[in-house]
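Enquirer: Just dropping this structure here.
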Amino acid sequence: MKATILLFLVLAVVQLSTAAEQLKFVFVTVRGADYEVCDIPGGPKITNKDGKDSKLTEEGKNTVYQLGVKVSELYKSKLGVSKWDSSKNYWPIATNSRRSQISTLITGAGLEGDQSKRDKSWTDEELKKTSFPAMLQFWKFIDPAKCPKFFKEVSQQPEIATTLQDCASQMQEVKKHYDTVDPTKPQHVWLTYETLKKMKKQQPSKVEWASDDMMKKLRECSAKLNWLATTKTDTLRKLSGGLILSDILNDMKEITQGKAQPHATGGTSNKLSLFTTPQGLLIAKLAVFMPPGATLDGKVPTSSEVYPESGATMNTEMYEDNGTWKVKLIYYEGKDYPGKTIKLPGCEEKCPFQQFQQILTKYAVNEQEHETLCKSAQWP
């Protein structure tokens, strides 16, 4: 009898403990919606279509709308939200491209369950509200004129040179069809693969020569090159993701102190940040949130497993229990992939915020530090 009573008491304590811990805030970072194939800055000229002339595809719109629906199903009840409202309890933000801004607003429409916004013609003012000045800084590391140190550091990594050699024959085959392709540039391998992948869906007759085996190899190389370029050294982590890490850690600190996420439209009532980024910036964010020793569902992740496909998201959940805060990271590789928990080295799945900060802060840099580091080398 005493044993039974003791068991009930233990279960009651566990239930009370679980009930006391509440999800308070979520950062959702989304890869932007699929768009009409075009030439991408930094890559080869394959389509001769400028990115500014490229619009979201119908499939892309559907993917991010359904993603918004999924995010609502995951978090609406847990966050205590009765109705999603971008002026009150969630903040849709994006990088400065028009496509990304429209993408984040359509994801927000899915969050709200408002189909009428899926094909809405958004005004310039509505799009402008999704961005703020720091967005321009997050992405500058991919510009050799603004951040030569990144390109210099990448060029000095033997593993990157080896990977380029590993897919040289495939890139030479592509070069037969598109002369501007440079097989010696990591960014050309990545952006060539992403462009051909879109063409195989949107303009298949133009790339019949690109076999499935070739595409598989180019994806493998693209994933590996991106991961090496953002994680191989501490300097690469700081240059690629250090600014966005610094910004998020600052936001999290404000939230743990009962303050609003800076710039958020809903102030302290805001519960969710919905950030739409290009694929490369999502990779850079993963790089700083997955330091050496981090695991993905208990395993050391491969570059292929963290390469963001269409509908990829990274969710940063913040829990609070009587003033004690914890953080949980979840990554979805794409729209049809299950969520996998990112566990930091030496931490539980729900990592105490102070410990979370201590593990990651070495990669965080402010704008001045980033500027100085970017300019600390010449390229080429």
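Cβ atoms are placed via backbone N, Cα and C, with glycine included.
Summarising the annotation, Swiss-Prot assigns signal peptide to 1-19 and lists sequence analysis as the type of evidence. According to Swiss-Prot, the feature disulfide bond maps to CYS147-CYS374, CYS167-CYS221, CYS347-CYS351, an assignment based on similarity to another entry.
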Enquirer: Ranking the disulfide-bonded residues CYS147, CYS167, CYS221, CYS351, CYS374 by other Cβ atoms within 10 Å, which is at the bottom?
Expert: CYS374
Enquirer: If you run the three-state DSSP split on CYS347 (disulfide bond), which class comes out?
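Expert: Note: CYS347 (disulfide bond) is coil by DSSP, not helix or strand.
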Enquirer: Which whole-number value in Å describes the distance between the Cα atoms of CYS167 (disulfide bond) and CYS347 (disulfide bond)?
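Expert: Answer for this pair: 37 Å between alpha carbons.
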Enquirer: Give me the CA-CA distance between CYS374 (disulfide bond) and CYS351 (disulfide bond), in Å, as a whole number.
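Expert: CYS351 (disulfide bond) has its Cα 31 Å from the Cα of CYS374 (disulfide bond).
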Enquirer: Going by Cα-Cα distance, which of the disulfide-bonded residues (CYS147, CYS347, CYS351) sits nearest to CYS221 (disulfide bond)?
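Expert: Looking at Cα distances from CYS221 (disulfide bond), the smallest one goes to CYS147.
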Enquirer: Tally every other Cβ atom lying within 10 Å of the Cβ atom of CYS347 (disulfide bond).
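Expert: By my count, 17.
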Enquirer: Between CYS351 (disulfide bond) and CYS147 (disulfide bond), find the distance joining the two CA atoms and give it rounded to the nearest Å.
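Expert: CYS351 (disulfide bond) to CYS147 (disulfide bond), Cα-Cα distance: 33 Å.
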Enquirer: Whole-number Å only: compute the distance from the Cα of CYS147 (disulfide bond) to the Cα of CYS347 (disulfide bond).
Expert: 33
